[in-house]
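Colleague: Take a look at the following structure, please.
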């Protein structure tokens, strides 16, 4: 029975029908899976030599870097892999916003759950080196979460970031990637259940098998991203690292500016430009909820016809503003909290939510035309 199941899965993967006109934008999911696997592999090796205790955490990282054979390589590959995971995730979501992936709500929602787990896992992992920036970043974020009763005390093991905090963060950082891996398999199952989308946004009978045609496209993309991954891990990770995080924690000295990793900057800009910490936290949660709400603009009984592409002008304009506002918040997040950047941040927060809600409401109101879909079916039958 097991042998039959393996053969059935193998035949499905080899003969999986894919649209003829998909391009390199459909390569990001495969690349995400490869980089995520490298993250888990390097993370397991690093966890075997890491000591989750505030007196030894920083020195265990230095031991891995300086004394362990190839330890620096594993540590830098793990740090670079985190950036690549979020870069590919943002590109993957961007492709989904442009090319009708929202019309597969199960795949879209499961993918966003994976994205949320990535955010939590990356933040927890950022605290583990126990550098100056790690400690103060954890202090700021946990203070923001203090508006939720009992959560901070349960998460930190007390009222401040201390030894129980780093122990709990280490355990969560080790477990959450495997939880995300389980949801990745569910995400792939839903994708294969409905089939892949294509740039035109409508179902087509012109399909080709995954092997060897599209597998060669995935291998080509993997070669390109792996070269970038190695170059960044070996040569580019030190210049991009924040120097304050290479300093042992000093609880009496605050850094000039608390700067998280670049993939947190849009959410950090929302927190930084809103004076109330509770309101800032609600806005961050609302920004994630807005992505979930976009999955509501679909109808499983209709055929997708050139929807959610840049050709649909009444849809593309607010969606372009939605994406541009997100990347503007990314830039504002790395700036000093001056009045001009706070003003720009609030304006782009308004633009982010208004354009996203306008795209949701306007597109849902104007594109549920069941009669036109019926006419398309009749025309095809003729």
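One-based numbering along the chain as shown.
Glycine is no exception: its Cβ is also placed from the backbone N, Cα and C atoms.
Annotated heme b b562 binding site per Swiss-Prot: 78, 173, in sequence order. Annotation comment: Swiss-Prot describes 92, 187 as heme b b566 binding site. Taken from Swiss-Prot, the feature ubiquinone binding site covers 192, and the record attributes it to similarity to another entry. According to Swiss-Prot, the feature transmembrane segment maps to 28-48, 72-94, 107-127, 169-189, 214-234, 274-294, 317-337, 340-360.
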Colleague: Would you kindly give the Cα-Cα distance separating residue 173 (heme b b562 binding site) and residue 187 (heme b b566 binding site), rounded to the nearest Å?
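Modeller: Each residue's Cα considered, residue 187 (heme b b566 binding site) and residue 173 (heme b b562 binding site) end up 21 Å apart.
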Colleague: Does the transmembrane segment (214-234) come close to the transmembrane segment (72-94), meaning at least 3 CB pairs under 8 Å for residues 6 or more apart?
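Modeller: As far as Cβ distances go (cut-off 8 Å, pairs 6 or more apart), the transmembrane segment (72-94) and the transmembrane segment (214-234) touch.
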Colleague: Are the transmembrane segment (28-48) and the transmembrane segment (340-360) close, by which I mean at least 3 Cβ pairs under 8 Å that are 6+ residues apart in sequence?
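Modeller: Answer no, regions not in contact.
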Colleague: Let's check the environment of residue 92 (heme b b566 binding site): how many other CB atoms sit within 10 Å of its CB?
Modeller: 20
Colleague: Does the transmembrane segment (274-294) come close to the transmembrane segment (107-127), meaning at least 3 CB pairs under 8 Å for residues 6 or more apart?
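Modeller: Answer yes, regions in contact.
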Colleague: C-alpha of residue 173 (heme b b562 binding site) to C-alpha of residue 92 (heme b b566 binding site): distance in Å?
Modeller: 23
Colleague: Fewest other Cβ atoms within 10 Å: which of the binding-site residues 78, 173 wins that one? Let me know.
Modeller: 78
